[in-house]
Amino acid sequence: MAKERRRAVLELLQRPGNAHCADCGAPDPDWASYTLGVFICLSCSGIHRNIPQVSKVKSVRLDTWEEPQVEFMASRGNSAARAVFESRVPPFYYRPSASDCQLLREQWIRAKYERQEFTHPERQEPYSAGYREGFLWKRGRDNGQFLSRKFVLTEREGALKYFNRSDAKEPKAVMKIEHLNATFQPAKIGHPHGLQVTYLKDNSTRNIFVYHEDGKEMVDWFNALRAARFHYLQVAFPGASDADLVPKLSRNYLQEGYMEKTGPKVRPLRSPGRPGPSARLCLGHQGLCGTRGAQSGSDTPSEGLRVPPFCSSAGTPARDPGALGAWKQNPEDTSCPEARASSKPRLLPQRRAPWGPCHVGGGVRGPRPCLGRPSAPSPTADGRLPEALVHHGRPQAHVLQRPPGKDGRARAPGWTEGLPAGRGGGRGRPGAAAQPGRPQDAFARGEVFIGSRESGYTVLDGLPPSTQGHHWPHGITIVTPERRFLLACETEPEQRAWMEAFRKVVDRPMLPQEYAGEAARRPRPGPRAAAGP
């Protein structure tokens, strides 16, 4: 009898709607909630176990099923359950997929079954009222510390504001909903509820990083931002359907990783036997952004320093004064196993700035401080620091960023390498190889617009025959009306992934408002434009 009941449950998976997880859409679910009547994947079943007062789960293939449970599953199923629990989902509410972070999937499941927000619309007020005010932990632009800041979102003004003090009369920053994007980046921010918000400031991409200890609060903020964007787009595009507007509410990165990049004059990227500069790229839907380090006004390297070992097993970068002191006494010794395994020294331009902790992204080899992952390659022989690109995609199209100001400090949030800050140095950008102690910075170092093929943009497999100095063998050439950008990947699968991601954007026709973004980012005549990013 037990086998027959299990076989009956397995047959229910063949019904329309039951072949994918009821919550995240993952294929071939092999778990089920026998109190809700839905078939779910293994990942979502773990979330259901955390709300036992609402949902009780069993394995479709391994557990024993009782006859009443089988009958209930047969009477419900995923399609019938969605008709009940998702009957009033607002069009702007983010429906997570299997690839989304744990927080989004958990709050989606709790909103459906535990809080029943989509069967009782009055419970949607926290993110649908058009106004939201509260405190979030925001990462400081310069000191990297997370401090509590007051945020105010108002649809009437079409802006998200934040204040340095709760009693401040004037906001520290005003972010227009028109140019705002939000995406969860827990690994990048170092918190499971971490949200990255980007917007345009003086035609440059500005990044802020926030989180809240309460996961529901953070997801409510995220959906409130999407609601504000949705209502703005309804006014801006009165003839567009909800299905046309929803993909424009928020966008995730399409691709992220390290690549080598040459300068505009195709100077050698490395000296013999040493890897060249890398690029940490994020390809999404707002642009191609990146960092590039070089000493201001000079291509001559100053005296080199070896990077001290900073390692942390906690998953977040942390300064270790003891390790730094020991390293100063004996620079040849490293406490990082990965650094010990490498025989190549790492030389850096000497700068007057304290060392910072190391937080590196995966995918690059080298004798670097690490957090259990390989770090970025060393500077070039001419004293240039590692380059990094962060790709956000269109609709501000693709952006490859340049140094932002005369203070010499980088503004490109990202992975940090443990490099000393100083003139021309980069502190990285979210997901980018960067400089010291700054996993995320406020600005990237320059931006390059990448439009559609019809406007003269394209991506080519390989590098021109005259290209010199690249260490990685798998090249990519991005062609814009102004110049070419030469990139190189370490492995062929990485190259294929990047080529596919770039081609998706280049093959997409540009929208009318994107032409304005192209004009704003087009290089202007002058020595800085000639120097390239």
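Glycine is no exception: its Cβ is also placed from the backbone N, Cα and C atoms.
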> Looking at 14-33, 134-153, 374-393, 514-533, which one does TrEMBL call region 'Disordered'?
Replying inline: 514-533
>> Give me the DSSP three-state residue breakdown of the domain 'PH' (129-230), ordered helix, strand, coil.
In response: 23 helix, 46 strand, 33 coil
> DSSP helix, strand and coil counts for the domain 'PH' (476-507)?
Replying inline: 15 helix, 10 strand, 7 coil
